[in-house]
Amino acid sequence: MEGASFGAGRAGGAIDPVDFLKQPQTLLRVTTWIFSIVVFGSIVNECYVNKDSQHSELLCIFNENESACSYGIAVGVIAFFGCIFFFVVDLYFQQISSVKDRKRAVLLDLGFSGFLAFLWFVAFCFLANQWQRTTLTRGFSQGADAARAAITFSFFSIIIWVVLALRALQRYRLGTDMSLFATEQFGTDPSASYPGYPGGSGVESTETYQSPPFTETLEPNPKGYQVPAY
């Protein structure tokens, strides 16, 4: 059973790039990778603007809060490189022959996806709150579309990372069930046979079957029968 667990086939199989790209998990990773580019790209390029013509200093459009822009950029960059890393892991996952290594990869995917979903949730709440408090001036109005795009794709990223976490949890449960099935139902030795029926102890019981005694006794001279006299 080794090598055929955690949602993948046996190790050493050929990788079909077309089938790999069609997998739902691959499509989700590519989608959230694009979303991360949109978020941190929008903030870096268009969310630092001049408040008005009288101020030449670039300010964060989210209520002039530098922390909001910095946090959005940081989460976007983390998600960007995280997607690349796990994309490579998914690509070579079937080549991992050790069940323990596959389990570590799935658990890492589960933890990272859940962590990113939390970070995106905080980013969405933070950016949306600061945007509501922003006073739009003529300068800030130029980056309004970029700010709304960052907030919107932060929300979409929450959903996708939650889905990725659930898929990783599903793969982990599937791998656990198969491992238990392999260890409990089959022997560790490949040549071991299937377990047979439990045998007896080999000692015969001293108790034997005894029929109940007759409750009636036969009479020596039944009624109505006379012994002939000779």
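Every residue gets a Cβ built from N, Cα and C, even glycine.
As given in TrEMBL:
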- 203-214: compositional bias 'Polar residues' (COMPBIAS)
- 20-173: domain 'MARVEL' (DOMAIN)
- 197-230: region 'Disordered' (REGION)
- 71-93: transmembrane segment (TRANSMEM)
- 105-129: transmembrane segment (TRANSMEM)
- 149-169: transmembrane segment (TRANSMEM)
Sequence-remote partners of the transmembrane segment (105-129) [C-beta within less than 8 Å, at least six residues beyond its ends]
6, 39, 62, 68, 71-72, 75, 78-79, 82, 86, 89, 93, 96, 147, 150-151, 154-155, 157-158, 161-162, 164-165, 168-169, 171-172, 175
Mean pLDDT for the domain 'MARVEL' (20-173), rounded to an integer?
91
Could you give the residue numbers and ranges of same-chain residues that sit at least 6 residues beyond the transmembrane segment (71-93) on either side and whose C-beta is under 8 angstroms from one of its C-beta atoms?
6, 8, 15, 20, 23, 25-26, 29-30, 32-33, 35-37, 39-41, 43-44, 47, 102, 105, 109, 112, 116, 119-120, 122-123, 126-127, 150, 154, 157, 161
